[in-house]
Amino acid sequence: MTTTLRRGETGSLWDRFCDWITSTNNRIYVGWFGVLMIPTLLAATICFVIAFIAAPPVDIDGIREPVSGSLLYGNNIITGAVVPTSNAIGLHFYPIWEALDEWLYNGGPYELIVFHFLIGIFCWLGRQWELSYRLGMRPWICVAYSAPVAAATSVFLIYPIGQGSFSDGMPLGITGTFNFMLVFQAEHNILMHPFHQLGVAGVFGGSLFCAMHGSLVTSSLVRETTETESQNYGYKFGQEQETYSIVAAHGYFGRLIWQYASFNNSRSLHFFLAAWPVVCIWFTALGISTMAFNLNGFNFNQSILDSQGRVVNTWADILNRANLGMEVMHERNAHNFPLDLAAGEVLPIALQSPAING
């Protein structure tokens, strides 16, 4: 006689679904934020791929002069982009059912991609916090991830809101991003904004600190292998002993620069490595969000004059000329002519005609 013991089914279908969603034993953690993250990121990705390949030209300026951005309409991987929603739409919510005939022409895919993408990365951030909570970890992973989330939100949502149209959002492409950067510099002088300068310090400084830390650790590994073996074999996942000598790294760096320029605490060191770029990128996102409402970077529009009233050219004048040139090239239509050019005083080019002696 054979007796079979079967584990009884406990709980309702909903309870089992909840247990599966929040289980940390799954190969990929889903979580409640993942329930919303997965469909939104899938929708954004699918729409982006289709639009990048086959979307028809978009009337970005709202004046019936469409601009093509897809591969099938003459672009390549470098020049291709998902063109932002038309200026004729402004800040209106523009779902596909609002204008089936003109949705593609007015750049509807851009709004669809951006909105779903932003919701998706917000949920990814929440999912990071949720998984950390389930595992009993501290929440600093999602705090660090909030920096790129804030940066993406500032260029895709806050800046268009401040400028009054989603046509001013960053195009979804390589050269589209470069064009956005040039126009941003022309209209807001972002290079002269302290918060952007902090962001540059965060990105380049973070790269420098990462390279310094990695090279110091790699150079001070505790020898566990012979010369003929890879040094990576000297580490076993989960081992208790240190794999490198922080004392040696501290001594080297302290003698190379200055004693107090080197960390002697591994925890404070890694906190600094995380905090430096995160805080600086926070400030950059804040700077873009303020420039969205035209609180721009420093300007040096008043040239230095000598005793005769003549301009003494400085680097600020060169920067101003570059900004005005980029702004004129960007605004392709007379009715959008830059106000800082159209409203300025007329400056004489020459006080008198030169004499021509034949």
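Note that Cβ sites are derived from N, Cα and C of the backbone, with glycine treated the same way.
Copied over from Swiss-Prot:
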BINDING   HIS116  chlorophyll a ChlzD1 binding site
BINDING   HIS196  chlorophyll a PD1 binding site
BINDING   HIS213, HIS270  Fe cation binding site
TRANSMEM  29-46  transmembrane segment
TRANSMEM  116-131  transmembrane segment
TRANSMEM  140-154  transmembrane segment
TRANSMEM  195-216  transmembrane segment
TRANSMEM  272-286  transmembrane segment
Exercise for the section: With a Cβ cut-off under 8 Å, give me the same-chain residues at least six positions beyond the ends of the transmembrane segment (195-216) that come close to it. Expected result: 249, 252-253, 269, 272-273, 276-281, 283-284, 286-288, 290, 297
Exercise for the section: Counting other Cβ atoms within 10 Å, pick out the least crowded of the binding-site residues HIS116, HIS196, HIS213, HIS270. Expected result: HIS270
Problem - Contact set, same chain, for the transmembrane segment (272-286): CB under 8 Å, 6 or more residues outside the stretch - result: 140, 143-144, 146-148, 150-151, 153-154, 195-196, 198-199, 201-203, 205-206, 209-210, 213, 263
Problem - Folded-back contacts onto the transmembrane segment (29-46), same chain, C-beta under 8 angstroms, at least six residues removed - result: 20-23, 112-114, 116-117, 119-121, 123-127, 130-131, 134
Practice task
Compute the C-alpha separation of HIS270 (Fe cation binding site) from HIS196 (chlorophyll a PD1 binding site), stating it in Å without decimals.
Solution key: 24
Exercise for the section: Give me the Cα-Cα distance between HIS213 (Fe cation binding site) and HIS196 (chlorophyll a PD1 binding site), rounded to a whole Å. Expected result: 25
Practice task
Using a Cβ cut-off of under 8 Å, list the residues of the same chain at least 6 residues beyond the transmembrane segment (140-154) that approach it.
Solution key: 117-118, 121-122, 124-126, 128-129, 132, 274, 277-279, 281-282, 284-286, 288-289, 292
Handout entry: Pairwise Cα distance for HIS196 (chlorophyll a PD1 binding site)/HIS116 (chlorophyll a ChlzD1 binding site) [Å, integer]
Key = 27
Completion exercise
Reading the DSSP string in three states, the entry for HIS213 (Fe cation binding site) is helix
